[in-house]
Structures are given as C-alpha cells and as structure tokens.
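Record features (TrEMBL):
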- B:38-60: transmembrane segment (TRANSMEM)
- B:72-91: transmembrane segment (TRANSMEM)
- B:118-137: transmembrane segment (TRANSMEM)
- B:149-173: transmembrane segment (TRANSMEM)
- B:179-201: transmembrane segment (TRANSMEM)
- B:232-250: transmembrane segment (TRANSMEM)
- B:271-297: transmembrane segment (TRANSMEM)
- B:317-350: transmembrane segment (TRANSMEM)
- B:362-382: transmembrane segment (TRANSMEM)
- B:388-410: transmembrane segment (TRANSMEM)
- B:422-446: transmembrane segment (TRANSMEM)
- B:458-478: transmembrane segment (TRANSMEM)
Amino acid sequence: MGLIKYLAALPFIGILVGVPLLNRVEPLVLGLPLVLAWIVLWIILTAVIMAIIYFADPANRDAPESRP
Amino acid sequence: MNAALAIIVLTIVAALLLGLRARHGKDMNLEQWTVGGRGFGTVLVFVLMAGEIYTTFTFLGGSGFAYGHGAPAFYILSYGCLAYVLSYWLLPPIWRYARQHRLIAQPDFFARKYDSPALGVLVAVVGIVALVPYLVLQLKGLGIIVDAAAYGTISPTLAIWIGAVVVTTYVMVSGVHGSAWTAVVKDILILAVVLFLGIYLPIRYYGGYGAMFTAIQAAKPGFLVLPPQGESLTWFDSTVLLTALGFFMWPHTFGSLYTAKEERAFRRNAALLPLYQLILLFVFFVGFAAILKVPGLKGPDIDLSLLRLSIATFDPWFVGVIGAAGVLTALVPGSMILMTSATLLANTIVRTVHPQITDVTVSNLAKGLVPVIALVSVLFTVRGGSTIVALLLMGYAFVTQLFPSLLASLLPRNPVTREGAFAGICVGVATVAATSLAHTGIATLLPGLPGPLRDLNIGIVALALNVLVTGIVSALTYRRTALARHAR
C-alpha cells in the first residue's frame, strides 16, 4: 500500500497539534465550541483514513474466513 | 419498591439468566471460560471490545467530568481514535503470536516473548494493580445508580455491596460468554439512552446546542476551552498520548484480543470503532446540560450529574431505564475485569510458583479468587473519595508502563533484553505509585520546571523514565543475552 499508510500520522497531528492551535470557543460550529467541533471532525476523518488504509492493504483482500 | 428500582432489579435478573444461558451446553475449561475458545467473529469481537470501552467510566464519569471540569473532558473523546489507528498494526501480530502459542492471558505474552516467567509475574502484578482502580470505579458507578434509583432508600454503601454481589455471581456463572451476550444488549440500550438524553436534554432546557454552549460560556467564561494552567494544553496532549498508548495494555482488553477468530477483525474495527466514539459526544452534552440545571455538585459528587438531571426531568420508570443501561455498563466491564484479575492471579502467579499444577486446579482457583478480589475492591470503593475519571487515569498510568517492552518485542530483532524490560517497568510503575500515594504531581516534585511542563501527566513522565531505564539496562545486558541466544 506504499505511501497510503503514512496517512495514519494525520490523526495524531490533527489532535495533538491541532487542539492546542484551535483552543477556542468562538465561532461555534454546528452549535459546538470550535475546539470540540475540531475533535469531532478528526474522529470522522480517522474513520475515513482507516477505511482507505483497510481497502488499500493487500492483506485484507482475499477471503480470510475460508483460509485454514 | 418504586418503578425505577423494579426495572433495575429486572435488568440484573435478566443479565444473570442470559449469562446462564450462554454457558448452557458448553464445556467450560480455562480456555473456554477466559478466551471463549478463540471462536468469536468480527461482530462479537467488536461488541466485546466496545463493551469494555463503554463502561460506567463513559456513562457517569464522562458526563460528570464535562459537568465538573468542562473542556478537559474532551480528552476522553480524543484518545480512542488515536488508539484505534495504532491498533491496525499493533493487534494482528499480538493475536498471531498468542494463537500460535495458545496463550491465555497477557503475562503469558511477555513471559514467552522474553523467555522469562519472572517478567510474566511482574506484568501480572502491574495488571492487577491497575485493574483494582478500574473495578473500584465500576462498583462506584453501580452504587451511584442503585442509590439514585432507590431515591435515597438504600444507602450508597449498601448499594456498592449489592453491586459487588451481582458482578461476582455473574462472573462465576458465565465467564466470557456471558459478557459477550450481555454486551450486545448493553450496547443497544446504552446507545439508545445516551443518544436520547444527549439530544433531548439540551433542546428541552436550552432550545439547542448553540444556545446551551452560549449560556455556559456566559455563566462560566473559559470553561469550554482548556485552561492556561492545571488541565492545560500540556496536560491534554500528555494525557491523550498516555491513554492512547495504554488503551490496549489493559490485561482484560489484551485478553479479549485472544477471543478473535481471525486477525482481519482488528483491522476492520480500526475503521469502525472511531465512529463509535461519537457516542461520547452525547454523554458530554448531558453533563453540559446539567451545569446550569443541577448546579452545586462538587468533588466526587460530579459523577452524580447525569442521574440528578434525569431524576429532575423524568418519571421514575424512565429513570429506571436509564439506571438499567448504567447497571449494564458497569456489569459487563466489571465482570471482564474481575475474571481477568482472577485468571492473572491463578494462572500466572500461582502457576509460576507451582509449575506442576493442573488446568482444572487453576480454573477452580481462578473462580475461587473472584469473590476475594471483589471484596478487596469493595473495601477500596467504600473508602472512596476520588472521581471516576481520576481512578481511571491512575490505572492508565500503571498499564501504559507495559507499552515500551511490548512494542519492542514485536520488532523483528528485539533490542530490549528481559533485564531491560523488567527494570523499565519497575521504574515506571514505582514512579506512578510514589506520586499517587503521596498525592503529588510534577509541579510539587520539580518546582523549578518551566510553566507548561509542570502540567504533564505523571504517567508520561514515568513512561519517559521507563524508556530511559529500559534502554540503559538493555544496552548493558544485550551482549550477554545475544551470546546466550547464540549458544542455544
């Protein structure tokens, strides 16, 4: 899967670097304080990123249920 | 008996029956009792892993922390998704190795990888030490729920005893199969209850989320961001990192990995479970909604906020439904924790001392130890005084000390020796124990540190010392170990 696996570093940057930079209430996003909305965004992005990695990873391709 | 209590009692009885049924027709040897014969598919592993993660800690502790501390509670939302990212690469090799060597519990993994039964015993001891606060917090949660649902007719202490008896009976009856089936029911119920409360309460009391947060911001400026001191940005980052690394180091979580039938289950869950974290958001909404509606809860009482607001809002029967969901969130993880501690004690520690002991004896001994461990935890719970989140963070600081030597053992050529692993874990755990017992933090120990560093989570500092000592001792002993390996 080559370079795709490095996408997994993004959630760490998004949370550990992003939260200190966006530690603010205003503006509210969908009614949430900005810092909370930012964390929620990264939870969704993490799921998306891990799904991309899952489908790109050849280890997940064949049907493992039928493997001995 | 009021409607709330009746519904809770019915739930407990139903959970016990479900546990009995799960055992029906199965031969319960030690492997069946603890790792379910390694036959669980993606869905059950998902439920079991999620079941352990969504505990009283999230339900009462999460809402209470949002109520009492505000934005620092967001750490609970953050660490899980980072842990799942790690899980994609971390869990499959652990599972493969455990399956290949037919391992039962977490210490077996370390003992086997480092070829050192003594290291296995150390890991078991660390596991038990970390599990006690975790079990205490589940019992505390059970106590809070029964007490609140009884509208004051049962004393909190009696409620904790009732909770402990229920969990003990449950574990002795059913083992891991009971946990899995009750976890399914529990997850559906908790999902429904939390979503409902998290949507309904803010709308009913404030008209919407924006209005709620604006009102909190006006009443308590600064409450919705991480503060400049104390639970600051440094605290947030170090706590998120500590808990993300420690996430899968819990002996019961590690043990539940062994229940999987195939390794792909973990990789699929790495993409699914982060979304499951979003339930926590609604738990926070309940805590935030309570701030202006049931004000004045202080110290350990912040954990009561969800139930207090529910009692103020709903009829007793619905408080019963909420309480029932809460009871299940304590029962499932509580039973896993109890079972794991008993297995750790019997299988690792006793077996190391008496290697000739049979499987049947170990299995019986493990079951016999269940009530003993429950009793010890009740005594700690009754003494009390800490919030649920504080208890869990203490447990995390302990278990995360196992991470460096676990990670090293997965490398193709492990640079860490058994002496290095042993010394590192000891130093890390001793650091956490010393500061927890003395109730101090970095700020008191090293007053000269620059401002932001003072708020570092003590577990991370202990982890750094751990890595340093592991490195030094491994470097000193590596040549000898390599020679010994070569000679063999």
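Quick reminder: no glycine exception, Cβ is built from N, Cα and C everywhere.
TrEMBL: automatically predicted annotations, no manual curation.
Note that this is a predicted model, so its numbers are computed, not measured.
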Within-chain partners of the transmembrane segment (B:317-350) [C-beta distance under 8 Å, separation at least 6 from its ends]:
3-8, 10-12, 15, 30, 33-34, 51-52, 54-56, 58-60, 104-108, 111, 120-121, 123-125, 127-128, 131-132, 134-135, 138-139, 141-142, 145-146, 148-149, 163, 166-168, 170-171, 174-176, 178-179, 182-183, 185-186, 189-190, 192-194, 197, 251-252, 255-256, 306-307, 310-311, 357, 362-363, 365-367, 369-370, 373-374
Can you name the far-off residues of the same chain, 6+ from the ends of the transmembrane segment (B:271-297), with a Cβ under 8 Å from a Cβ of it?
46, 49-50, 53-54, 58-59, 62-68, 73-74, 76-77, 80-81, 84, 190-191, 194-195, 197-199, 201-202, 205-206, 209, 212-213, 215-216, 219-220, 223, 304-306, 308-309, 312
Do the transmembrane segment (B:362-382) and the transmembrane segment (B:72-91) share at least 3 Cβ pairs under 8 Å, sequence separation 6 or more?
no
Restricting to CB pairs under 8 Å, which listed stretch, B:72-91, B:149-173, B:232-250, is in contact most with the transmembrane segment (B:118-137)?
B:232-250
Long-range environment of the transmembrane segment (B:72-91) - Cβ separation under 8 angstroms, sequence gap at least 6:
53, 58, 62, 65-66, 226-227, 231, 235-236, 239-241, 243-245, 247-248, 257, 263, 266-267, 269-270, 273-274, 277, 280-281, 284, 287, 389, 407, 410
